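Enquirer: Sharing the record's features from TrEMBL:
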type	residues	note
DOMAIN	45-449	domain 'Amino acid transporter transmembrane'
TRANSMEM	47-66	transmembrane segment
TRANSMEM	72-97	transmembrane segment
TRANSMEM	122-143	transmembrane segment
TRANSMEM	174-191	transmembrane segment
TRANSMEM	203-224	transmembrane segment
TRANSMEM	244-263	transmembrane segment
TRANSMEM	283-302	transmembrane segment
TRANSMEM	332-349	transmembrane segment
TRANSMEM	370-389	transmembrane segment
TRANSMEM	395-417	transmembrane segment
TRANSMEM	429-448	transmembrane segment
Amino acid sequence: MTIENVVPKKERKSRNSSKAVVDEKAPMLPNRQDEVVGFDEFDGASFSGAVFNLSTTIVGAGIMALPATMKVLGLILGVALIIFMAFLTDASIELLLRFSRAGKTVSYGGLMGDAFGKYGKILLQVCVLINNIGVLIVYMIIIGDVLSGTSSSGVHHSGILEGWFGEHWWNGRFFVLLLTTLLVFAPLACFKRIDSLRFTSALSVALAVVFLVITIGISIVKLISGGVMMPRLLPDVTNLSSAIKLFTVVPVLVTAYICHYNVHSIDNELEDSKQIKAVVRTALGLCSSVYIMTSIFGFLLFGDGTLDDVLANFDTDLGIPYSSILNDAVRVSYVAHLMLVFPIVFYPLRLNLDGLLFPSSRPLVLSNTRFAFVTVGLISVIFLGANFIPSIWDAFQFTGATAAVCLGFIFPAAVTLRDRHNIATKKDKVLCVFMIVLAVFSNLVAIYSDAYSLFKKNASPRE
């Protein structure tokens, strides 16, 4: 089965006009009405549902790293780069959609196959697997850390449940993650259409906003009481070391908007496919607003004490009344947000794994056995990875950054430069060269930074 996804379509003007079959191997929805009668009541995804699904794909765990970028770059440069990356992401997605239309492909894998053949498609599928499995394992690790606590750094940090109820077997890490997997992840992963996740996606975005509102509220209270210093507006560059440090935040910003692997799935289910550009820009605008406000107020609140993961700052006394309640509210809303992001990231992961393992099989939606096999297998791998492979986070720091920038910038740029349909302009090609240079530079910085941190961490016990 290929990952030619979901609702087959010709160059459609709206969902109201009948859609012809483009590829008989489209995965999630059947190509003919006589294949599965139960699917003909689906009239297409709404604009708002598509915006929420794409926004949820974008806003994952990365939001917590953005305030720390302000500490390095200063507010002016930091906010400017967040906005710049939103525009660059919009440009890369526009290239994906334009070349998909030209090649009459309905998936990212199909586009790579059209441009580079079988191996281009396989490379895309492998990158989605590496990126999304890594992301989901990290999400599960974070959920376990926040709910049950962690001692990975040698110092025990109590989780929310441990703080509320004390230490018991039922709020231990393994049992909490098992329960979360069975009661939250597994049911949400069973939806065969991405539009079915629109309500959980809307709730996920709302929970990110809850975190933002609490942060803004605390910042205003401390600002009024004089407990907040004026934030640094520009980077503090005093020597070569501080100049080099500026580049260490590049990977965080470059990967902040990666959502390309879900764009085709959302586009294929839209009631009116002409809305996809507006969907992308609305989602990017919404996420940019959340990113900018989180970055500004997170940095305003904690200043130079802002940690790489700002969530860790909410593990201490905030210096205001009801500090512990607000800390717990932030952590609970964030964990619930990640739980609801899980199925949106899982959806393309399952499609691409199925396309890799069963490239010639019939659509996945028509085989309940295969659908269940792939779903259960992937969830099991993610659960085991989060629980039993302590070094897996270190591994995905290397592979994840590489796969993410390939999906977001290198592959769209490569397809454009390949230009099989002779539709790329000179401006497109110049932009694509810039994307590739930025992506490669981001990769090198991320790998160097992660390798240095890992070496330093491993060397410190012997010092």
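Here the Cβ of each residue, glycine as well, is placed from N, Cα and C on the backbone.
TrEMBL entries are annotated by machine, without manual review.
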Enquirer: Is the count of Cβ pairs under 8 Å between the transmembrane segment (244-263) and the transmembrane segment (72-97), pairs 6 or more apart in sequence, 3 or more?
Expert: yes
Enquirer: So which of 47-66, 203-224, 283-302, 332-349, 429-448 has the most C-beta pairs under 8 Å when paired with the transmembrane segment (395-417)?
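Expert: Result: 429-448.
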Enquirer: So what's near the transmembrane segment (47-66) in sequence-distant terms, Cβ-Cβ under 8 Å and 6+ beyond its ends?
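Expert: Answer is 82, 135, 138-139, 142, 194-195, 197-198, 200-202, 204-205, 208, 211, 252, 255-259, 261-263, 266, 269-271, 275-276, 278-280, 282-284, 286-287, 290-291, 294-295, 298, 308-311, 334, 337-338, 340-341, 344-345.
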Enquirer: Taking pairs 6 or more apart in sequence, does the count of Cβ pairs under 8 Å between the transmembrane segment (174-191) and the transmembrane segment (283-302) hit 3 or more?
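Expert: The answer is no, given that the two segments have fewer than 3 Cβ pairs within the 8 Å cut-off.
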Enquirer: Taking the transmembrane segment (122-143) as reference, which of 72-97, 203-224, 283-302, 370-389 has the most Cβ pairs under 8 angstroms?
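Expert: The stretch I would name here is 370-389.
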Enquirer: For the transmembrane segment (283-302), could you work out the same-chain residues 6 or more beyond its ends whose Cβ comes under 8 Å from its Cβ atoms?
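Expert: Same-chain contacts beyond the flanks: 51, 54-55, 58-59, 63, 66-67, 69-71, 75, 78-79, 82-83, 86, 89-90, 205, 208-209, 211-212, 215-216, 218-219, 222-223, 228, 231, 256-257, 259, 310, 313.
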